[in-house]
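Undergrad: This is the structure I have questions about; it appears just below.
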Amino acid sequence: MASASPRRRELIARLGIVPARVTAADIDETALKGELPRDYAMRMAREKAAAAADPPAFVLAGDTVVAVGRRILPKAEDEETARRCLALISGRRHRVLSAIALRAPDGTVRERLSETQVRFKRLSEEEIAAYVAGGEWHGKAGGYAIQGAAEGLIAWIAGSHSGVVGLPLHETRALLKAAGFAIP
C-alpha cells in the first residue's frame, strides 16, 4: 500500500486486508496549471502507485482532494490555512474526490474515482476557531476530518463517507476484485 495515511490503513482493514508493506510515495504533489480537481486526484493516485511499485506485488495508492468548483483546496498544514478552507466551505457545497490506483503484479494499472458532495452548515467564526483549536485538521485535504468533530458540522453528504475519509471502500473492493486480488 502506497500511503502514509493511517486512515487508509484502517479503512482497508475493514475489507479484511492487511497490507504486506506500507510505503509513503515520495512524489511532487503540485497541481499542474489549469488541472481540474478530478484529473489531479487521478494523476496523484497513479503517480503514487508507480512510485511505490514493488513487482510482483499489488500496489494500492490513493489521493483525496477537496474542491470548490475548479479550485483545489490545500491540505491544511497550519491554522491559517485550516481557517481559510473552513470559511470557504462554510454553508456551501463542495466535492471530495477520492482516486485510487491499483498496480497489479503484471504492471497493469486500474483506477477508480469516488466523488462525494458535502455541505457544511454555515459556520460562525467561533465554530471555526473551536474546530481549528482541536487540531484534527492538520494534514487534511480541505482542512477537516469527517471522521472527527467535523462530522457534527456537516449538514448533508451525498456519496461515499469512506471516500471522504480517504479510501472509498466500495470502489476499492471492486477494483481489487477486478484485478484478481483475493478478498476475504
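Backbone N, Cα and C atoms are what each Cβ position is placed from, and that goes for glycine too.
Quantities reported herein were computed from a predicted structural model and do not represent experimental measurements.
According to TrEMBL, the record shows the following:
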ACT_SITE  Asp63  active site, proton acceptor
SITE      Arg7  site 'Important for substrate specificity'
SITE      Thr64  site 'Important for substrate specificity'
SITE      Gln147  site 'Important for substrate specificity'
Undergrad: Using a Cβ-Cβ cut-off under 8 angstroms and a sequence gap of six or more, which residues of the chain neighbour Thr64 (site 'Important for substrate specificity')?
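TA: Set apart from Thr64 (site 'Important for substrate specificity') by at least 6 residues yet with Cβ under 8 Å, we have Ala41, Val96, Leu97, Ser98, Ala99, Ala141, Gly163, Val164, Gly166.
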Undergrad: May I ask you to report the DSSP-based helix, strand or coil state of Asp63 (active site, proton acceptor)?
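TA: Where Asp63 (active site, proton acceptor) sits, the three-state DSSP reduction gives strand.
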Undergrad: Determine, to the nearest whole angstrom, how far the Cα atom of Asp63 (active site, proton acceptor) is from the Cα atom of Gln147 (site 'Important for substrate specificity').
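TA: It is 17 Å, counting Cα to Cα.
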Undergrad: Roughly how many angstrom lie between the C-alpha atoms of Gln147 (site 'Important for substrate specificity') and Arg7 (site 'Important for substrate specificity')?
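TA: Here the two Cα atoms are 9 Å apart.
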Undergrad: I'd like to know which of the recorded positions Arg7, Asp63, Gln147 has the most other Cβ atoms within 10 Å of its Cβ.
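TA: Buried the deepest by this measure is Asp63.
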Undergrad: State the three-class DSSP label for Arg7 (site 'Important for substrate specificity'), counting H, G and I as helix, E and B as strand, and everything else as coil.
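TA: Helix, per DSSP.
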